[in-house]
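Chemist: Here's a structure for you.
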Amino acid sequence: MQLKRIAQAKLPTPWGTFTIVGFKELATSKDHVAMVYGDITQQPILTRIHSECLTGDALFSLRCDCGFQLQAALQQIAKTGNGVLLYHRQEGRNIGLLNKIRAYALQDEGLDTVEANHQLGFAADERDFTICADMLKLLNIDQIKLLTNNPEKIRVLEQAGIKIVERIPLEVGENPNNEHYLETKAQKMGHILHLHPLNKDEKS
Ligand SMILES: Nc1nc2c(ncn2[C@@H]2O[C@H](COP(=O)(O)OP(=O)(O)OP(=O)(O)O)[C@@H](O)[C@H]2O)c(=O)[nH]1
Ligand SMILES: [Zn+2]
């Protein structure tokens, strides 16, 4: 176990009142949170793993789909009546905010999101989803329905002992600014996405 459960409190949102549960990583003291809604003893539980994206989550960026996914996931969990959103604090696929801004600068020069990470000396994705499996275990959850388009999350969680009963797609927020980013995720990172590329010649 890499985490310790530290504190919890009520957290009202526009979609309902969640309970926010705070965890600390034992090795690094880094913190993560879970947003828990309703009765989570009835498994499988609707679950979303949301990786931190300051620009998308808090600053309204249209370069990615994160802000849209965060809202849609909280909304869907509240509508379902129970579920959990893990807010996984590994910003920029775990290269950190400042390196993500460096990667964005390289993307402004024409590199794609994977090439930009490589140019900076990082793997395409540096995240560790075993932290998420540990958060679920500390919440006594071992069977989930996972909201994701990323098969890697499923692979790592299953290996860590979490049963994924169902994958539920979460495709929101596609726009002209993130069209190329989403295409790269589908083509190079294995994401299951049904994109609607804007075609200027299209009549419909
Ligand atoms: N390094 C890097 N990180 C990015 C970039 N754009 C978004 N991110 C980060 O990517 C993470 C979100 O990952 P995504 O690839 O959008 O989606 P996912 O979580 O793998 O998959 P889904 O479950 O389908 O949403 C967040 O931590 C963002 O900060 C980028 O261009 N470069
Ligand atoms: Zn983002």
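The count begins at 1 with the first shown residue.
Positions of Cβ are set from backbone N, Cα and C atoms, glycine also.
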Chemist: For the GTP site that TrEMBL describes with ARG48, ILE49, HIS50, SER51, GLU52, GLN69, GLU91, GLY92, ARG93, THR148, LYS153, which of these is also annotated: THR41, THR113?
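Modeler: That GTP site, as TrEMBL gives it, pairs ARG48, ILE49, HIS50, SER51, GLU52, GLN69, GLU91, GLY92, ARG93, THR148, LYS153 with THR113.
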Chemist: Counting distance between Cα atoms, which of the recorded positions CYS53, CYS64, CYS66, ASP125, ARG127 is nearest THR148 (GTP binding site)?
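Modeler: Given the candidates CYS53, CYS64, CYS66, ASP125, ARG127, the nearest one is CYS66.
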Chemist: To the nearest Å, how far is the Cα of ARG127 (active site, nucleophile) from the Cα of ARG48 (GTP binding site)?
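Modeler: Distance between the two Cα atoms comes out at 15 Å.
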Chemist: Rounded to the nearest Å, what's the C-alpha distance separating CYS66 (Zn(2+) binding site) and ASP125 (active site, proton acceptor)? Just drop the number here, would you?
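Modeler: With distance taken Cα to Cα, ASP125 (active site, proton acceptor) is 16 Å from CYS66 (Zn(2+) binding site).
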Chemist: In Å, how large is the greatest distance between any two Cα atoms among ARG48, ILE49, HIS50, SER51, GLU52, GLN69, GLU91, GLY92, ARG93, THR113, THR148, LYS153, the listed binders of GTP?
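Modeler: Comparing all Cα pairs, the maximum is 23 Å.
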